[in-house]
Amino acid sequence: MADQGLEGSQPVDLQKHPSGIVPTLQNIVSTVNLDCKLDLKTIALQARNAEYNPKRFAAVIMRIRDPKTTALIFASGKMVCTGAKSEQQSKLAARKYARIIQKLGFPAKFKDFKIQNIVGSCDVKFPIRLEGLAYSHGAFSSYEPELFPGLIYRMKQPKIVLLIFVSGKIVLTGAKVRDETYTAFENIYPVLTEFRKNQQ
């Protein structure tokens, strides 16, 4: 798939990714409204890939293998789909869950499908001085190594949260469209190079 942007699979568009690094999408969270009331007990009993424990959580948890995803299905007809690696896969998975519900006899529709969160990650392949970064970008950074090993960077534009690790591994979360993930990474990349650790 040309649009996946997997490292090493095809030349990187340097216009869009001046750093030469394209974050890989790891998880897409989407929601959809099936627009009908659901009997969760019936679904749990009749669908073979479903679990339902109302004492623990008020939704049926359903899984499919392709695309490898998990859905939370609520009695209201609202559904959350997690685990897909691209927007198209997330929508395809959500449609498959909707079809399963239809086959069980519910008049499920497919309304208001929406990507709620995109999680991406990448590796800048050099170590980063997190203390220095946290000090000079104090307004956006929280870094408490005894609580969590990564620096949490809350970017304002686009509104993305980045987890930055000493190793040079970066996690980006909070995007609604993949370009926000890419823009956030390009914004932070010069900062990361500025706080590059010198290898002894």
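Every residue, even glycine, has its Cβ placed from backbone N, Cα and C.
Here the structure is a predicted model, which means the values were calculated and not measured.
Swiss-Prot lists 25-101 with the feature repeat '1'. Residues or ranges marked as repeat '2' in Swiss-Prot: 115-192.
Model confidence over the repeat '2' (115-192) is summarised by a mean pLDDT of 97. Shown for the repeat '2' (115-192): DSSP residue counts in helix, strand and coil, namely 22 helix, 29 strand, 27 coil.
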